[in-house]
């Protein structure tokens, strides 16, 4: 009998907790959502319970919107309306440095389509082997002239650190959930809160992807086009690194693309898709 009473007593507390959650669960959840006292630490950023749930809700809503849009496009294609998909590059976006080609295209003859008639230019023929030795190598530096001023060579292109992402935002807690999920997927996400801090980080390394919000408060001054200013500074020295303006940036889209932005979006789904396509995340 004593063992039975002890077993029942051990079950009372879990049952009591379940009853409280069933009766007052909605009120407790509402209190947590609206409370600033309950804080979480995600990816090194502190945010309250409401901020965390709002970010999760926004990501789910954005995903649902993208799925609905994809379903509409599939339905349009199925009905033969000729609707086209949005094509996104699977590799690196525009502005990426092109690799040197090994073939000598400049030695190939110029082909003239059609039959050559009177007065038509003759097709160019490749030079003889003896003449090749006399032709300069286009990849070989020109000889220096004594007394001529020396011109500094262009800086060597340093490859980006694999899976490295620089995220510039003066409120990084707004992206804490997404940034932390990327870190768990193998990405090295580094945070900068201002343009000056971002430029200091870029002096020490090259990232595989740069993400920036648009408006920021920098040096106690509101800068509504801070993202464009950072983009201009980056493109002045590095035309190849993918640069994404993310957030409430629709009104700056044309100016951003003109300055060299690789992507301008307010969609979390599109940002995740783009980062995954660049190989920033470990593929499962």
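Start at 1 and count along the chain as shown; that gives each residue its number.
Here the Cβ of each residue, glycine as well, is placed from N, Cα and C on the backbone.
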The annotated region 'Disordered' range in TrEMBL, which must be one of 60-83, 84-107, 108-131:
108-131
Checking feature assignment: transmembrane segment per TrEMBL, candidates 6-25, 26-45. Which range matches?
6-25
Hey, what's the Cβ neighbour count for residue 213 (4-aspartylphosphate) at 10 Å?
21
On average, what pLDDT score does this prediction assign to the domain 'Response regulatory' (164-284)?
92
For the domain 'Response regulatory' (164-284), how many residues does DSSP put in helix, in strand and in coil?
54 helix, 27 strand, 40 coil
